[in-house]
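Trainee: So Swiss-Prot says this about it:
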type     : residues : note
BINDING  : 6-35     : FAD binding site
ACT_SITE : H475     : active site, proton acceptor
Amino acid sequence: MSQEFDYIIIGAGSAGNVLATRLTEDADVSVLLLEAGGPDYRFDFRTQMPAALAFPLQGRRYNWAYETDPEPYMNNRRMECGRGKGLGGSSLINGMCYIRGNALDFDGWAKEPGLEDWSYLDCLPYFRKAETRDIGPNDYHGGDGPVSVTTPKAGNNPLFHAMVEAGVQAGYPRTEDLNGYQQEGFGPMDRTVTPEGRRAATGRGYLDQARGRPNLTIVTHALSDRILFSGKRAIGVSYLVGNGDNPVTAHARREVLVCSGAIASPQLLQRSGVGPAALLRDLDIPVVHDLPGVGANLQDHLELYLQYACKQPVSIYPATKWWNQPAIGAQWLFLGKGLGASNQFEAGGFIRTREAFEWPNIQFHFLPVAINYNGSKGVQEHGFQAHMGSMRSPSRGRIHLKSRDPRQHPSILFNYMSHEQDWQEFRDGIRLTREIMNQPALDPYRGRELSPGVNVQSDAELDEFIRNHAETAFHPSCSCKMGSDDMAVVDGQGRVHGMEGLRVVDASIMPLIITGNLNATTIMMAEKIADRIRGRQPLPRSTAKYYVAGDAPVRGKPVRA
């Protein structure tokens, strides 16, 4: 069986669904969208209810559930590396935090030769194009894009307000919009949730516009085995359907667009013969193109929680009890409101821990309950927690193919915490978080410190806690980086160096990880490259102002030292 299309997109995730939707706006263009997972079932509360965000990480229906190799600086732990599977990709299972990164992240990208048009003011129009913010558009936010963004509302949990106020009392700025003029500081956090209280994954936002188009073919349960080449030109894809072993071939008249994410995109390229030649030869894979950067430069965000008991019964601890969940579910299902309609990450912040950082190097997410991100080990009392993590670790990892079997997971190593800077940032971060939590705004609520615990104070004690308890924020990226140096995989339009008709468009092409969650930026990148693929003029540069700290101190005088 063989089919022919103008474009074949491999992976219906945050980037692939954007490309599929935008490319098929041109009626004379045909697109095949291949997704290894299944549909994004709208009746499955696990992926549709924002408060149920821990559920899709459990099991393998929606999660590839990768694991790292033993991480040498983390007590040789094999660490989780969850990635989304199904229409929507990781936007179907993520925490729904709508954070774009710092303006200076993109200005930093634009300093690289060939990436000059990735500055913040070049990217901002595409962030706006993708977004519909529920309180309306402005210079920073869109009003008619496919991604629904919900802002925190008056009357939400008092712990959110107390935690933001504590950050301000600790001497840090207040910001009304973490995606607006100033990211630095503490404030409300937007979320990718529809006005009806449903998860706003890219299957809902983008694909729902495009599903009925005759020029779009979507195949689920289609695991791409390898890209097919004629010389150095990509001409198609061989893929497996369901549990079958008989490959199906599809041909691409124009381009193959790899949108499989930071783990699977380099894995697919390597399996197809594009990657480090020595690795490919070891696996008896014919080398189509020796490209040493494929799978290198792997980056992620690591985070840990500081947990506190809550003296007042205002946390969402009761919602973790099964006997309260039917009422919460019914309110969400029928009214689109209540606890179920929020991811419960409604406040957060970004700070600089030292003057050496030009823009924030630590991110906070505040949660009005004390529980693990994956829903396990909930503290059996009212509590709250701060998720704290460093943003631009100097540690670099890699993805290596283990075999030619498309169903075998690759070897993944992030080399977490492999630099002294990592340890310094996490020690600073824990100590500064404790200072924030000790401010008067939290006096009515703050009970004892549950984790790490007051007995964990010295550098050595903190380091041991970090080694044992830090975990991924699920932000793998940069493993097929954009650029022009010897380790770059793609150019500024996602075109694979040395190849024709082949692009990578997803979080793997970020040259450096951004300051914040990745989903919004991945969508923006796909919007931007979609215009390039279609031969359209880029959107005009924004003229919006944005904050640069310059000589501003990292913090003012705290209320309580």
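The backbone N, Cα and C atoms fix where each Cβ goes, glycine too.
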Trainee: Would you mind listing, in sequence order, the residues at least six apart from L34 (FAD binding site) in the same chain with a Cβ closer than 8 Å to its Cβ?
Mentor: I8, I9, I10, G11, A12, V219, A222, S224, V237, Y239, A250
Trainee: For D26 (FAD binding site) and H475 (active site, proton acceptor), what Cα-Cα distance in Å is obtained after rounding to a whole number?
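Mentor: So the Cα of H475 (active site, proton acceptor) lies 32 Å away from that of D26 (FAD binding site).
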Trainee: Taking DSSP three-state, what's R22 (FAD binding site) in: helix, strand or coil?
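Mentor: Reduced to three states, the DSSP call for R22 (FAD binding site) is helix.
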Trainee: May I ask for the distance between V18 (FAD binding site) and H475 (active site, proton acceptor), taken between their Cα atoms and rounded to an integer number of Å?
Mentor: 19
Trainee: May I ask which residues of the same chain, at least 6 positions away in sequence, place their Cβ under 8 angstroms from the Cβ of R22 (FAD binding site)?
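Mentor: The answer is A526, E527, A530, D531, R534.
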Trainee: What is the interatomic distance between the Cα atoms of D6 (FAD binding site) and H475 (active site, proton acceptor), given in whole Å?
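Mentor: Distance (Cα to Cα, whole Å): 31 Å.
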Trainee: May I ask for the distance between H475 (active site, proton acceptor) and S30 (FAD binding site), taken between their Cα atoms and rounded to an integer number of Å?
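Mentor: The separation of the Cα atoms works out to 32 Å.
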Trainee: Please list, in sequence order, the residues in the chain of S30 (FAD binding site) that are at least six apart in sequence and whose C-beta is under 8 Å away from its C-beta.
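Mentor: Sequence-distant Cβ neighbours: F5, D6, Y7, N215, L216, T217.
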Trainee: Quick check on the binding-site residues I10, V18: which one has the highest count of other Cβ atoms within 10 Å of its Cβ?
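Mentor: Of I10, V18, the one with the most crowded Cβ is V18.
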